[in-house]
C-alpha cells in the first residue's frame, strides 16, 4: 500500500518538476528579457497560484477540464479518458499549482546576470538564441536546480489540489499525503505515521539540497576577471 | 572628393542635469590606422564609442564610414550593431566566467565563422536557433593565428578565474580581433598591462590594422603611449562651464570647428 502511494508521489513529483523546469526556461526568459508590458500581467497570472487556495484551484481545474466543456472534451478525446480523476489530470494540476515555485528561481537567476555579459555576447556576434543557450542558461544552472527542487518538494507536499482533482484512487492518484489523511480517518495511525515520516524525509532532503545550492549559487555571476 | 574613411559629428546628450549639449566632431583620412581618443573621466568617451558601435542612439548628428551612413539623426538612419562592420571592446571587458580561455575564444570564433558564411545581417532567428546548438572545442586555423599574434596561445587551458588583469586584457583584445571589421572601437584596451607590454601590444595592434586595412579608435587616459602609433588624436575637454556654449548657439558648420573638441585628424597630407 505504502509502496503504491510512494511511487505515485515520486512519479508525479519527478514528472512535474522536470516538465516545469523545461517550461520555466521560455517563461522566465519572457518575464525577464521581454520589453513587452504584458510581462507584468503574465507574472501576476504565474504567481496567482501562490495566493490562491488549493481547493479553489482544484475546483477550477475540475470545471475547465470537465468533459462537458470544450477543453475537457478535447483533452478526453486526446487521452481516451477524462482528465480529472486520472494520473494525467493530477500531473496537469500539479504543474499549474507548482509553476511559480519552479519559475521564480529561474527568473531570479536570469535577472542576476549582469547586462554587460549579455551585451558582450551580442558584440561578439551572438543572436538571441545563442546568447540564451551559451550564456544565460550556463550562468543560471543553480537557479534551474533550485527551481527543480522547489517544484519537486512542493508537488510532494501538495494536498488540496490532489484531493480535488485526483479523486484518491489507490495506485493511480493516491499520493502519500492523501494516504496519510485516509489512514488517519480510518483509524490506522501506523499507516499514517509511515507516510508522514516519508514526507518529512522528502522535505528534509529538499531543504538540504536547497541549502547546498544556495551555498553554490551566486558564484557564477561574480564580478571577477573585471 | 572621396568620402572620408571615417567621419563623425555628434551632439552628445545633456548629462548630469546640464543645460548644455556637447558637440564632438572628428574624422580620419587614412584607410587604416589608429585614432586616439583621450580626455578626462566623464568627458563622454564611452558614450561616443557606444554610439559609433550602434549600441546606443542617445545623440544627434551623424557617423559615416567609407561614405556609408551608419547613423544620421536628421534622416532617421540608425544601423544597429549587427549591421555595421564594427567590433567593440568595452572598457574593463571580461571573459565569460563559465568558460575557460579556450572556450571563450572558440565562442567568438564560431560566431565570426557563422557571420562570414553570410547571414550577419539581416539576423535571422531560425539560423540563430540552429547555430545555438552547434558547439565545438577546436579553434579554427585563422583564429589560432590571431591568438598567436596577441601572445595568448599559452593561456588557452586556463580557467577565466585564474588570469591576471593583464592576461584578461590581452585575451579580450584577441577575442575582439576574431571579429573582422572595418572599424575597431577599443575602450582602454591596455589597462592592467605593464608599460612594456603596452608598447609591444600597441605595435602588434598597429601592424595587424595595417595588414587587415582596418581603422581603430583607441580610448586612452595616457595619450603619450600611443602617440607613436596613432595617426591622429582627438582630445575631449573636461566638463568646464566656460568651455560650453548652448548647443543652439553654435554655428552649424562642421563639428571640427566647433564645440569643446580639439582635434587633429591624421592623414598622409
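Numbering starts at 1 and runs along the chain as it is shown here.
A Cβ is built for glycine as well, from the same backbone N, Cα and C atoms used for every other residue.
According to TrEMBL, the domain 'ABC transmembrane type-1' annotation covers A:6-209.
Among the features that TrEMBL reports, transmembrane segment is placed at A:6-33 (among others).
Taken from TrEMBL, the feature transmembrane segment applies to A:45-65 (among others). Within its own chain, the transmembrane segment (A:45-65) has Cβ neighbours under 8 Å at 27, 31, 71-72, 75, 82-84, 89, 92-93, 96-100, 103-104, 158-165, counting only residues six or more beyond its boundaries.
The transmembrane segment annotation in TrEMBL covers A:85-110 (among others). Here the transmembrane segment (A:85-110) has long-range neighbours at 8, 11-13, 15-17, 19-21, 23-25, 27-29, 31-33, 46-50, 54, 57-58, 61, 65, 79, 136, 139-140, 142-144, 146-148, 150-151, 154-155, 158, 161-162, 164-167, 169, 172-173, 175, 217, 221, meaning same-chain residues at least 6 beyond its ends whose C-beta is under 8 angstroms from one of its own.
Under the heading transmembrane segment, TrEMBL lists A:131-153 (among others). Sequence-distant neighbours of the transmembrane segment (A:131-153) (same chain, 6+ residues past either end, Cβ-Cβ under 8 Å): 13-14, 16-18, 20-21, 24-25, 29, 98, 101-106, 108-110, 112-113, 117-118, 121-122, 202-203, 206, 209-210, 213-214, 216-218, 220-221.
The transmembrane segment annotation in TrEMBL covers A:195-213 (among others).
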For the transmembrane segment (A:6-33), distant same-chain residues with Cβ under 8 A (at least six beyond the ends): 39, 42-43, 46, 87, 90-91, 94-95, 98-99, 102-103, 106-107, 110-111, 132, 136-137, 144, 147-149, 151-153, 155-156, 171-177, 198
